[in-house]
Amino acid sequence: MHRSGVVMAWNVFQFCTALRGLGSIMIFLVLGVVGVTYYSLVITSYGPALFNGGLDSVEALAILGLFHLLDCKDSFFECLSLGVLLGFNSRAILVMQLVMLLWSYFSVVLTNPGSVPPNWKPDVDEERGEDIDPLTGSETGLEQSGVHGDFANPRVRYCRKCNQFKPPRSHHCSVCGRCILKMDHHCVWVVNCVGALNYKYFLLFLLYAFLETTLVSMSLLPPFLAFFTEEEIPGTPGTLATTFLSFVLNLAFALSVMGFLIMHISLVAGNTTTIEAYEKSSPKWHFNLGRKKNFEQVFGTDKRYWFIPTYSEEDLRRMPALQGLYYPCKAPLDPQGF
């Protein structure tokens, strides 16, 4: 579209502020899906079967016990010891799995994704008046790339919307109205940005959501298929409708979350974000330190904390990347490094 000789690009982000209106609606929607799933799987389907005796009890115990096997694998010794203490009670195990899912979800919702500290500036050599790149040790010169309007040096980045310097890998979110450290995207499902400080929690939410919805879909598949046969199905119309709805919802979520999970696994392996994967044009990505170190920059080095939404104090103290301001790289930075 041309106006007065100036090309006017349609800005899709002008509608992003409408996403703020979703607010708690999305949170209640997620909790509603979890509630319907728990009711249909435990209360109406396999929970009562535990007391029927015979093969029905064995089948119910095996299906609900599968949650325990996955949970122990994901949460290591915490869930293993808890499962032993609970005596492998299937309902308690299912609740434990749901707790991990909800813990990860609300960690994403309630955690600040990472804001640029007030008056933050790149490190400066006070004697020479030059900016020292903390990743490469190279001098950049604030006077030729600072707030005076000359941004010839891409190592020093300035947000004209926030009127402040931007650390490496940070981006301005049009929905939140601020710059986010290592911003990945703004997620309407968590009503928050996904950035440096809550990206791990978001990945764990995807992981537990995929495991939960997949297991529920597999568990409810037999009663779902029974709807299309002539055999009599036990239960009230309300419980049957809940089972049908729960299967459809969980199958849909399992398939969609699987795609997101695969995508983000590949992003973690390359130490990049959704925005960076879209923007960068060079095949050489200076923040790519190898799959092991890339993984540790998101999940930390302490294996005990890999699958729970928190970090060890030691990792937070000695890994600057977890704070979102500075990131190690393997080569001198160029414009594609941001």
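The backbone N, Cα and C atoms fix where each Cβ goes, and this holds for glycine too.
Features as listed in TrEMBL:
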type	residues	note
TRANSMEM	21-43	transmembrane segment
TRANSMEM	82-106	transmembrane segment
REGION	120-147	region 'Disordered'
COMPBIAS	124-133	compositional bias 'Acidic residues'
DOMAIN	156-280	domain 'Palmitoyltransferase DHHC'
TRANSMEM	240-263	transmembrane segment
Intrachain neighbours beyond the transmembrane segment (21-43), with Cβ under 8 angstroms and 6 or more residues off its ends: 64, 91, 94, 98, 101-102, 105, 109, 188-191, 212-213, 216, 219-220, 239, 242-243, 245-247, 249-250, 253
Counts by DSSP class (helix H/G/I, strand E/B, coil) across the domain 'Palmitoyltransferase DHHC' (156-280): 67 helix, 18 strand, 40 coil
